[in-house]
């Protein structure tokens, strides 16, 4: 198939055509077990019947009406998010980048309205990832993503992740917000320590700064709780969500307390497609399935099984030195001898019929459906073991 798309993506050699649950079939009819979940998006697997029904019902009612009006699906999903989190208000958009852009803009506007123009600095983490807009790619602490787009937005300070002393040194009266991923996703599935996030909360309180948690990847059940902050004994001021929020239908959301959200008066921010009725109808139905004790317990149980199985593969193949993460968001850290070869290993896995991800050059990422069953897990692990064994046997590394 000829490619008419811009070359900013390196496409895999297969073309997915249809999918159901945790199984995908390409244009040649070959089957794959999906351990990637569309990069932590397909939280209920592919084409979940309840989501198909929700989308089908809404598409016969209302597609788009603009944010001159509100709609029942948008209000219903917002109510569910508010009722099950710290937040009082929700801003809907289309992606994680847009959710983080809104969060950062809100933080700066809130600080300006309340404290004047001198309180605008944003503190973020090295190796973080918050999106691809010019603002969010600048806040993300990875120069490889931002260096080609200078001059970049200013007033951003980066500190090492999980380095409490560096965070304490950086946050001050000039700080309007600290933004942190509870688990750094793109940089290796690296969880924040409880002490680090609790220190961030304390510093923000001390200096009248806002704590923004980027839960684009960790939210909506991936860690075994609805939101990852629930593991840490803290509450943010602003939270970003996307990916699994729509389970494959594009939607993002920024959640905030009423006091902070009040800084966004009419005209201060917006989104043409934010709160789209179809997206919110799908998101609302997905929320009902994800936010249940049965689903969240299943995530914790299956996550433990998958982590144990991956550790077993580590012992058998010698490719990994560590498995880390929470729930069904896991990363396998490559052994020193195989560092930098994560992409080669994911390609080898694909040839054996299993879809996995990279998280940087040294980590294999797993973000399967939250409904992953034992049969699909076992078959995926069987295929993965064949791929890893073959890779280790034919690799140039000792």
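Quick reminder: no glycine exception, Cβ is built from N, Cα and C everywhere.
Over all protein chains present, the Cβ of residue 216 (pyridoxal 5'-phosphate binding site) has 28 other Cβ atoms lying within 10 Å. Annotated pyridoxal 5'-phosphate binding site per Swiss-Prot: 129, 214, 215, 216, 217, 272, in sequence order, evidence recorded as sequence analysis.
According to Swiss-Prot, the N(2)-acetyl-L-ornithine binding site annotation covers 132, 271, on the basis of sequence analysis. When secondary structure is read from DSSP and collapsed to three states, residue 132 (N(2)-acetyl-L-ornithine binding site) falls in the coil class. In sequence order, 97, 145 make up the list of same-chain residues 6 or more apart from residue 132 (N(2)-acetyl-L-ornithine binding site) whose Cβ falls under 8 Å from its Cβ.
Note: residue 243 (N6-(pyridoxal phosphate)lysine) has non-local neighbours 39, 40, 41, 43, 96, 216, 217, 219, 220, i.e. same-chain residues 6+ apart with C-beta under 8 A of its own C-beta. Residues or ranges marked as N6-(pyridoxal phosphate)lysine in Swiss-Prot (evidence: sequence analysis): 243.
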- Message: If you count other C-beta atoms within 10 angstroms, which of the binding-site residues 217, 271, 272 is the most crowded?
- Response: 217
- Item | Cβ contacts of residue 215 (pyridoxal 5'-phosphate binding site) (under 8 Å, same chain, 6 or more positions away) | 181, 182, 227, 228, 229, 239, 240, 241
- Message: Return only the integer: C-alpha distance in Å from residue 129 (pyridoxal 5'-phosphate binding site) to residue 271 (N(2)-acetyl-L-ornithine binding site).
- Response: 22
